[in-house]
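Please read through the structure below; I'll follow up with questions.
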Amino acid sequence: MSQLRNMSIILVVFAFVATILERTEAADHTVGDSTGWTSSAGAKFYSDWASNNTFKQNDVLVFNFFAGAHTVAATNKADFDNCNVNQNTNDIITTSPARVTLNRTGDFYFICTVSSHCQSGGQKLTIKVPTSSSSTPPSSTPPSPTPPSSGTTPTPPTSGGTPSPSSPTQPDATPPSPGSATAIVATFPALIAIVINLLL
């Protein structure tokens, strides 16, 4: 009986650590790298940028752009394909840097809602977050924008919204999250010692 209890404790500890590690390993991706989020990049620029990056659930997209010049709207595939820029949505982010968390697996679609930036300027981006198991269908939960460092909190998108532009920051100015995963990994010996003491 005590062996079963000990095994249960071990499984709980490892499940907890695995969950924490998965959440702390999220990365920030600066959309367009040093070019940022702009309509002058060209039609294939953002699809090429996305194909050169690997995304996973809970990663954060950072959109850097000039205030009043651009927006970011998370949208569905049909609106993405047709550059349908519904200005009446509450989900347009107009401040920069706009931070959007990829909070599920599946496809994400982003466009700029300013004038013809999407259609003529190619200012649109699709991101694929793969599932860990191909048998699990993607969730329909929209991405969650995180507050920009300026303190302005954008409204989370429901069917696709965009952050609002504000003063740009250097595109590479958003560093990856601190290495909290490294700190947790460093505590493994202590966790193992606790588990061994529980087993004895």
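Every residue gets a Cβ built from N, Cα and C, even glycine.
TrEMBL does not curate its annotations; it predicts them automatically.
Annotation comment: TrEMBL describes 1-26 as signal peptide. Per TrEMBL, domain 'Phytocyanin' is recorded for 27-131. Feature annotation from TrEMBL assigns region 'Disordered' to 126-181. Per TrEMBL, compositional bias 'Pro residues' is recorded for 139-148, 165-178. Annotation comment: TrEMBL describes 149-164 as compositional bias 'Low complexity'.
Would you situate these features in the structure and describe their surroundings?
Per-residue confidence over the domain 'Phytocyanin' (27-131) averages 91 (mean pLDDT, predicted model).
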Could you give me the DSSP helix, strand and coil counts for the domain 'Phytocyanin' (27-131)?
16 helix, 30 strand, 59 coil
